[in-house]
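Trainee: Below: one structure in structure tokens.
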Amino acid sequence: LLFSPLRCLFLLLMFSSLARPFPKKGRMQHNKSEYLQHFYGYQPKAERQKRTADPDGDADWTTGLCDKVQTMQRFFGLPPTGELTKDTLAVMKRPRCGLSDVERFGETIRWKKTTLSYRLEMIRHWHPDTSKVNRTFRAAWKLWSSVAPLKFRKRNRREADIVISFHNGDHKDGSPFDGQGGILAHAFLPGSGIGGDVHFDADEDWSFNSTGFNLFAVAAHEFGHALGLPHSSDPGAIMYPAYSFAPNYELQLSFRDVKDVQHLYGDPNFPSLVLKKPPPRTPDKCDPDLSFDAATELQQEVLFFKDRFMWRKHPQFEETGITLISSLWPDTVPSHLDAVYENVGRNVLTFFKGHQYWELRQLKMEEGFPRNISDLGFPSRIQSVDAALHFRNDRYTVYDEQQKMMDGSAMLTEQQWPGIPAPIDAAVFFEECYTYHFNNMLFLT
Ligand SMILES: *[C@@H]1O[C@H](CO)[C@@H](O)[C@H](O)[C@H]1NC(C)=O
Ligand SMILES: *[C@@H]1O[C@H](CO)[C@@H](O)[C@H](O)[C@H]1NC(C)=O
Ligand SMILES: *[C@@H]1O[C@H](CO)[C@@H](O)[C@H](O)[C@H]1NC(C)=O
Ligand SMILES: *[C@@H]1O[C@H](CO)[C@@H](O)[C@H](O)[C@H]1NC(C)=O
Ligand SMILES: [Ca+2]
Ligand SMILES: [Ca+2]
Ligand SMILES: [Zn+2]
Ligand SMILES: [Zn+2]
């Protein structure tokens, strides 16, 4: 259905044209073949022929590649076209964890004891405040020990189950680091020796706040691997492989993380209900109570926004993938948006939140944003923008971009669309979950 050999042949050509001399930074992120090999188990032709002497090697290679691109796209909630679209390449370039996204470790790989020791190796390349580092790691372990029957004890000298260290480049474990950006860290599954150990890329600009990469956020994720957890495709999970840290967002385990760690270490006697507050669930697009923050068309797709997340509905594909807003666009695009809209003529996507707006062209933030919506010629009584720009509470206004003017008379929505409940959060065309509730045109409140 979705696979077209021609399209994949084209993909092949793109591959060769993308070949560049070895970039120093984030090597794997610049080599698509290597990215798919490393994170999605893709085996290029040469290696496969060695193994199977496949007479139909070329076609097989192309198919294999397309498959892996699709798997990757599904994982990150992109339309599974199998093509290396701009979006796909953008997601591939995002900083992330060094472990594979497709390996499943199974239930058997876990520690057989419940008190684990960890040790921090001397940090040679970086001279931070060690008390801050120690506090950061303690807090990251606490995330996990507060939802599962596990205890973590720090050791200063003696052997420990989990050794935490910083390395740059090739550090002799078969998974070299790649300089700034790209891969941030990796960890080993529970076991003896190197098992359970956690390595951070010493070339990154680590921080305790939102400059560079936040050590706490990455440690919380890697410690999950050290306990035996694989990557999760739930973008709300700490075990999601892409780095996402927002300064205003309290880092916590999601419902999925808690479920997964309790599945590994669950003890029927452990009262999982004592959690002080329930872990946050990633919004489910089919939840009848869900209301979107915003929605917009983007070329052929319809995009829906909620908190830090977005869904992408592509007309060619039945599934609607969920992803993080930050996995596609720069961190400067805020979460909890008020409205988003596409200006097809100017090829610009505009995001609204409060009295500010941002403009993106070709996935890149334009200079000088955010700006005040008063710059758009909005009358001062407009403090923020709801829904598809044209809606504000029970009124809608028409914004004329040519004139930078609002149609002066805000009209009551009900006059235009009788029976539409107000206020409107997002006005969109969406049919996947709701066909039997509504006709195709859906207005969410
Ligand atoms: C990408 O990686 C593959 C496999 O490691 C290698 O054969 C190829 O030369 C690399 N391409 C570039 C442009 O670095
Ligand atoms: C932090 O941990 C390291 C390594 O275990 C230790 O050498 C250092 O003294 C600790 N720092 C503080 C302030 O406790
Ligand atoms: C973050 O911490 C660094 C020092 O680790 C400091 O220089 C910087 O100003 C801080 N940034 C913010 C936004 O707090
Ligand atoms: C931006 O707009 C808001 C409301 O529209 C107004 O209160 C605020 O003073 C404006 N800020 C600037 C810097 O113009
Ligand atoms: Ca790196
Ligand atoms: Ca170990
Ligand atoms: Zn990981
Ligand atoms: Zn390593």
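From the backbone N, Cα and C atoms, a Cβ is placed for every residue, glycine too.
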Trainee: Which of Asp161, Asp170, Asp178 does TrEMBL put in the same Ca(2+) 2 site as Gly195, Asp197?
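Mentor: That Ca(2+) 2 site, as TrEMBL gives it, pairs Gly195, Asp197 with Asp161.
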Trainee: Write down the one residue from Met72, Met239 that TrEMBL lists together with Cys97, His221, His225, His231 as binding Zn(2+) 2.
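Mentor: Looking at Met72, Met239, the one TrEMBL places in the Zn(2+) 2 site next to Cys97, His221, His225, His231 is Met239.
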Trainee: Please compare the binding-site residues His186, His199, His225, His231 by how many other CB atoms fall within 10 Å of each one's CB, and tell me which has the fewest.
Mentor: His186
Trainee: With helix taken as DSSP H, G or I, strand as E or B and everything else coil, how many residues of the motif 'Cysteine switch' (95-102) land in each class?
Mentor: 0 helix, 1 strand, 7 coil
Trainee: Just to be sure I understand the packing, how many Cβ atoms besides its own are within 10 Å of the Cβ of Cys97 (Zn(2+) 2 binding site)?
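Mentor: Cβ-Cβ neighbours of Cys97 (Zn(2+) 2 binding site) within 10 Å number 23.
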Trainee: Taking ligand 5 as the reference, state which of the recorded positions Cys97, Asp178, His199, His221, Glu222, Asp293 have a Cβ closer than 6 Å to one of its atoms.
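Mentor: Those recorded positions that pass the cut-off, since their Cβ is under 6 Å from ligand 5, are Asp178.
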